[in-house]
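Below is one structure, written out as structure tokens; comments come after it.
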Amino acid sequence: MSFADITTEEKRRVLGEFTEVKADFASRGWFAGTGGNLSMRIGPYSPERFYFAVTASGKDKTRSTPEDFLFVDQDGKPCEATTLKPSAETSLHREIYRLTGAGAIFHIHSVFNNLVSEWFWERRAVPIQGVELIKAFNIWEEDARIDVPILTNYADVPRIVPEITERLDPRVPGLLIRKHGVCAWGKDAFEAKKHLEAFEFLFEYVYRWELLAGRKG
Ligand SMILES: CSC[C@@H](O)[C@@H](O)C(=O)COP(=O)(O)O
Ligand SMILES: [Zn+2]
């Protein structure tokens, strides 16, 4: 099955859901300075062949226009004729889809995700233990601990890709890029959003806990 076989109804459904998620994130202030990008997969999946809708690069993501998204394939090539440029960080989405088969990936910049990525940079991971919201990742064991990987924020974005390949933890549906932002994913937009909200809660918790524990300043 190729992209041409995907029905117009299915494309409309995905873009409709995508538009809602984007507006919701905009209302939370998650797209400061055009930062952040979102993608949602469409059609059948294999690690070698898949398609996804992705936000166009450099747009004001707090606005809704007919030029907000385009469809690309597993190589990041547009599936339809367009003048739009896919997100500068499309290579990160491609690799996460290839490794996980996720249905949606959301990347945002926030002050808390930037702060914890720097504070824990030496260990290359943010440790989080025993906080109830870890269950949002479908991890139910008593006093569970996760380590959210922190990757190097290379200006040449494709250089980050091998670090994703090496560091992605199948139990943890997210990763941080140092002093940049978080990518969170899930089997569909609902789950990716749930994971993103949980990460943002947990990063704020960790930051505040470090302050209370006197490890900062
Ligand atoms: C202007 S914010 C920095 C951007 O380079 C990037 O990190 C980002 O998240 C948005 O890039 P985009 O190409 O619009 O998807
Ligand atoms: Zn970014």
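Cβ atoms here come from the backbone N, Cα and C positions, even for glycine.
Some features that TrEMBL has for this protein:
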DOMAIN    16-207  domain 'Class II aldolase/adducin N-terminal'
BINDING   His107, His109  Zn(2+) binding site
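Within the group of binding-site residues (His107, His109), the Cβ with the highest number of other Cβ atoms inside 10 Å belongs to His107. The secondary structure of His107 (Zn(2+) binding site), as reduced to three states from DSSP, is extended strand. In the predicted model, the domain 'Class II aldolase/adducin N-terminal' (16-207) has a mean pLDDT of 98.
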